[in-house]
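Student: Dumping the structure here so I can ask a few things about it.
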Amino acid sequence: MPDFVKRDVDLAKRTTLALPGRAAFYAEITAAGQLARLTGSSVPRRFVLGAGSNLVLSGDFDGLLLHMAIGGRQLLAEDDDAWYVRAGAGENWHQLVRWTLEQGWPGLENLALIPGTVGAAPIQNIGAYGLEIADRFLSLEACDMQSGKTLHIDRAACRFAYRDSVFKQQGWHLDAGRVVTHVTLRLPKAWQPLTGYADLAAELDQQQIANPNARQIAAAVTHVRRRKLPDPAVLPNAGSFFHNPLVDAAAGERLANRFPGLPRYPQVDGRVKLAAGWLIEQSGWKGRNLGPVGMYEKQALVLVNRGGASGAEVIALAKAVQAAVRERFGVELTPEPVFL
Ligand code: NAP
């Protein structure tokens, strides 16, 4: 193994849920060229770690953890229609959003303060307040961990869907078959504010901003998120713990008849999106604990570690919440974080 690979590294401080665990092998990747030295089948099982903000450690990892730390951000090109921004996969997502806004390039403001790295953003097609990265994505570069070659992946090949992409399939992120090293975004010059979501609209209203610019929207989004979501440095968590479920139209109708307050959001494909946080709250789990873990009192969708929790305790709570929602609504909740 190359000399930049360390052995037996403690991971507790490298994930935002602060669960205990160690990696048998650990490499900090600051340049794409390092990955080419870790290719081939003689290398133990690999896993890519970004900011650790969407990860549940269920114990020790006996493979090679690739800590993605490739930095750098630049304006690649500009034409009449758009700015094209390229960033290293290890850059902090929110810092990238802030930097583009400071440069006067709007377009990412609704995605302010989403935790995690730039490289992780396309994996689950991060989205918030009516915008997702797919809307601003041009292409990415990845290292093929068999051949060591650089792959160029365009938007169509990513097969983006709601919090989903081709990168969640086998051969990509989970088994580190190909590792994202750089992402290029396209920020259109024809800018339109997206302020339709109730929380965001209410925040702008309260601040008496009628025609917000992109920086004001980012500030409002940041404010709303800070109010609703716990800071992992104070109360360890991994953000939203379950996906917002999609059900078919008939099931949505049946549920709405039984539960009149049920929030429902029709999708273009005919399905209906439900708010997982609402389902959890109505099932009695908002602010409730099971051992040292619980569902956050200000946002029931966030699972928090109140101190000293293990991966097994997180999984036990997740199962209890899933069972409660299943029993009351007949809806299956799927965890959003990756389990290692
Ligand atoms: P929220 O705004 O209370 O919304 C709860 C649910 O209702 C979400 O499924 C949201 O859809 C949907 N919704 C609300 N208003 C809507 C509208 N006007 N049109 C269509 N759908 C609407 O959610 P929150 O938990 O406080 O989170 C705020 C935002 O951050 C949400 O957009 C959420 O998805 C996003 N978020 C994203 C991630 C991630 O990318 N992994 C993690 C945490 C939160 P959408 O999910 O489609 O927005």
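Cβ atoms here come from the backbone N, Cα and C positions, even for glycine.
In TrEMBL, annotation is done automatically, which means it is predicted and not curated.
So TrEMBL lists these for the protein:
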ACT_SITE  ARG163  active site
ACT_SITE  SER240  active site, proton donor
ACT_SITE  GLU336  active site
DOMAIN    18-190  domain 'FAD-binding PCMH-type'
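Help me see these features in their spatial surroundings.
Tutor: The DSSP secondary structure for ARG163 (active site) is coil. When other Cβ atoms within 10 Å of the Cβ of ARG163 (active site) are tallied across all protein chains shown, the result is 17.
Counting Cβ atoms from all protein chains shown, SER240 (active site, proton donor) has 20 others lying within 10 Å of its own Cβ.
A coil conformation is recorded for GLU336 (active site) in the three-state DSSP classification, outside any helix or strand.
Confidence over the domain 'FAD-binding PCMH-type' (18-190), given as mean pLDDT on the 0 to 100 scale, stands at 95.
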Student: What's the CA to CA span in angstrom from SER240 (active site, proton donor) over to ARG163 (active site)?
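Tutor: Rounded to a whole number, the Cα-Cα distance is 12 Å.
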Student: Can you grab the distance from ARG163 (active site) over to GLU336 (active site)? Cα atoms, rounded to a whole Å.
Tutor: 9
Student: Any idea what DSSP makes of SER240 (active site, proton donor), helix, strand or coil?
Tutor: strand
Student: Inside 10 Å of the Cβ of GLU336 (active site), count up the other Cβ atoms and send me the figure.
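Tutor: Summing over all protein chains shown, GLU336 (active site) has 18 other Cβ atoms within 10 Å.
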